[in-house]
């Protein structure tokens, strides 16, 4: 092979190798794949010394480039020390030190420029402390371009970083203009036609000076555009000139002989001159003064500070440094030390050689007394020219870094950089244009503005260092250790105080600009992943106070909500509603991922967690997401409730959506599930049909895409699973529970929008339960739902405190009784309760027997149903209803007493369901209740909560029941909000007093076991369905029937009419206490027989609420409750023989009546709050029982506005201070 061919082959293979290595790295060949010896021999025969290197990779090339790039960057000396020294040795030293020294004297000057051991210079003290903070921050990690902006933004976040970055940028711009103006002043003082001391070459005048300063800025801009390398080489040369000029001042004090010339009186080193210049002596009209009056410390401080405040010059070059973390602390401290020594020598040499009169009259005194005037001129030009250069390039790089971070809107174009050295061309040009505007000001005015911007930057830098230190973040480990938290704190405080000291007006303006920029960035800039110090501080404080946060006291109670959500799109409005109702408290969005395989589904859980976080940010709700993974949804719900929150900050109310029975009916077409949708409610039915197609379409008008739309959808919970979760929450976990129905139709209030709805309606329906004590001579335990009643009022009041809800809707409290004569009494009691709870709301009291409720007239009074009546459609298949209709049809052939006895047998028989949702109530054995009561009676003086009753073996849960109490309240009570079995009171009842029931489900009255005989009086209860008063415990139904038969002879002359009665009842007679009094008018009326007493489950109540009792003394127990009352006969309709009342009706009938009542009076309502009956323990074990319970709730809420059914297990209101 020829040499030409060999060269061609080598070049070709080499090019191919280069192309391959640029695509992907190739690993070095191992022993098995090493080229064979024959291949090497072939290469040698063809003139190639060795095969081409195929293992040279792109990473190798990059590694070779890194040292080359680092070699092009600047070191400590040229990158930090030189810029810092040149910036601190300002032009103000040559132009204003004589003026400042003449006014403040040596002591005043050294009071602002320290010379140990006399004074500690405030200016240099601020600089030194700030330098320590800069060194600490910059040595804690990698520092990139941006200088002060980069250090602050990565420490305090984008808001502080961006705002202070722009303020510091403007300060740099003003400093650039100040140095350009100062350079022209030097030139004009030497070569100006008016003030020139050497020659009169340059024309003088305002616009000529502006033109000359512009020329200086153009020259500086051109040098900066050529790159930082030329800038660095020029700075080294300028530093040498400046140091020679600076140290020539103390050198001249030793070599220049005393002289006097015009206004210059130079004495050389003289003790007399030192004493003359030692103390301050303020004058007015001195050369260089810009005030009409006498000078003061504030003016001098503002002028002098920029002469010492160039410590950020090195940090501003951080992007061009090889090792910023080491170079910035070392170079800045060295430069600060050198300038400190230089300034001290200059001040002392001037103060001991120049007469005070010369300091007042000669602005260019340093040059006039120096051994070489031209050396001082060169130093002035070097200082001002470099500071102008530094101002252009430093501020441009800060703006470039700020623009690239996208912190401030509208400045992204200035993030541009050249391809070769990344020079900020656009930012340099902008800096030049802004600097042109500063040329219109005087050097003293510009110096004051620069002072404010520098001090503000110093303050925030020290603050960042202080917060990083006290935040105790483990990763804050700066290699520079010569600082503490108190040095940083002192630097921040002194900087702020100095701003106010210098000029309050300028300080306020600078602060206003900073705050404005802060707000703009906060509301326009997306979050950054920089990890600012605020997160560390928040974590530190949250952990600290969570450890202190104990169980919440009732007077500080607020709803801490756990909302269980399956589909966030369906629940959009419910999520927003709960966010408004939380009242600044804890809000958790719980979601359950059901899977049998944890490891397989965990990645999906992580994705869903991230999606929920984005959803919260997107929807702007203040909530925490909590994802639970479990094999069943029941266990997932338990895990969420048990693990939600931290310390004393845990949910106290769980909110669930209503079970979707429509989807259940569609999924089980072969199973007949009765529908509870009222036929007359056409609007509700049409809404339901419109929403059945695609649930996601309901809020499609709200938002198109949600971050959670791509989450894995979970299967619908079963009927038994849903009821199981509800039982766990209510009976086992004993947390407050709310069920939301119809919130997809909620009208969320918005500012400036017209709302069709007007009200927030609170329907706190009474519930009561009576538990019989079989001990001899003992009374019964009666509980009411005071906790639930008041929680409904509390939540409605809280929602009304949200400004947008308060402006859009009014709060109404709507209650009902059965008869019109109870309206006034009920209204007074409700108003009294609201007054005690400080709740402002409109009160409406309705009565069921008004004749306007068709369902009530048909069910209770036996009126004929109309065509559009829903009673037959919903109750027609129930056995008790068919039997009641059958017996009513036979009523005309019977006399009243016999008919009443017949109905008593019907109500007490197995065909008649309980007056509650709990169809399983009678299945529970009585032995557990009586056993629990025996334990209860052993502790006669202790108040027991419902939780205590449950622990004692008494299965008690509350449902709704009409119940009217005597308005006379007992005098005893307690005032503490601690309702627990461990708290007791020392209140006693006399032997003559009857033991009555508790006022609240969390407050059961004490029992007196000392009374061995005598019937215990008790309230009318569920076991008294006809409302005719108390009944002996030993009286049987048979005895009741015989008693009714005995009355028939006295009533033969006027038998009761059992046909359907007129619907209206406008009045009723006052009930007597006896019920058996002879000779009374009521004795001639038919009396309903009393069935035997039985323990009841909590049921609906339609009669007046008990009086509200406020405790008069502090102690254990609630401070407000329903008052205990003496036994009282319940009211029956006048001149009517109808044995039924609302109290006697089974749950389905009660709910049908209430549904019609709420629909009638809440048509203009945005949301309804009402009572949730709880399921009996064990309901979930039967799908039939679970469906009965949920169908009962559906009957209650069908066609209503968005409804929140609430059940409380704790007291949430108080009257205590």
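Easy rule for this one: first residue shown is 1, then count along the chain.
Just so it is clear, glycine is given a Cβ too, placed from its N, Cα and C backbone atoms.
Features as listed in TrEMBL:
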COMPBIAS  1-22  compositional bias 'Polar residues'
REGION    1-33  region 'Disordered'
TRANSMEM  80-102  transmembrane segment
DOMAIN    80-562  domain 'Amino acid permease/ SLC12A'
TRANSMEM  155-174  transmembrane segment
TRANSMEM  210-231  transmembrane segment
TRANSMEM  238-261  transmembrane segment
TRANSMEM  300-321  transmembrane segment
TRANSMEM  333-354  transmembrane segment
TRANSMEM  374-394  transmembrane segment
TRANSMEM  449-470  transmembrane segment
TRANSMEM  482-500  transmembrane segment
DOMAIN    574-659  domain 'SLC12A transporter C-terminal'
COMPBIAS  914-929  compositional bias 'Polar residues'
REGION    914-935  region 'Disordered'
REGION    967-1102  region 'Disordered'
COMPBIAS  979-994  compositional bias 'Acidic residues'
COMPBIAS  1041-1059  compositional bias 'Low complexity'
COMPBIAS  1069-1083  compositional bias 'Low complexity'
DOMAIN    1149-1215  domain 'SLC12A transporter C-terminal'
Ranking 80-102, 155-174, 449-470 by Cβ pairs under 8 Å to the transmembrane segment (300-321), which is first? 80-102
Using DSSP, what's the helix, strand and coil tally for the domain 'SLC12A transporter C-terminal' (574-659)? 41 helix, 22 strand, 23 coil
Quick check for me: are there 3+ Cβ pairs below 8 Å between the transmembrane segment (449-470) and the transmembrane segment (210-231), leaving out pairs under 6 residues apart? no
Of the listed stretches (80-102, 155-174, 210-231, 333-354, 374-394), which one yields the highest count of Cβ-Cβ distances below 8 Å with the transmembrane segment (238-261)? 374-394
Which bits of the chain, at least 6 residues beyond where the transmembrane segment (80-102) starts or stops, bring a Cβ under 8 A of a Cβ in it? 74, 109, 178-179, 182-183, 185-186, 232, 235-236, 238-239, 242-243, 245-246, 277, 281, 283, 286-289, 300, 303-304, 306-311, 313-317, 321, 327-328, 330-332, 334-336, 338-339, 342-343, 346-347, 350-351, 354, 356, 358-360, 362-367, 376, 379-380, 382-384, 386-387, 390, 394, 443, 447
Are there residues at least six beyond either end of the transmembrane segment (333-354) with Cβ under 8 Å to its Cβ atoms? List them, or say none. 80-85, 88-89, 93, 97-98, 101, 105-106, 109-110, 113-115, 124, 127-128, 131, 135, 243, 246-247, 249-250, 252-253, 265-271, 273-274, 277-278, 308, 311, 314, 365-366, 369
On the domain 'SLC12A transporter C-terminal' (574-659), the mean of the pLDDT values is 91
Could you pull out which residues elsewhere in the chain have a CB under 8 Å from any CB of the transmembrane segment (210-231), counting only those six or more residues past its ends? 72, 74, 176-177, 180-181, 183-184, 187-188, 202, 317, 320, 385, 388-389, 391-393, 396, 420-421, 423, 425, 428-429, 431-432, 435-436, 439-440
What DSSP reports for the domain 'SLC12A transporter C-terminal' (1149-1215) is 31 helix, 12 strand, 24 coil
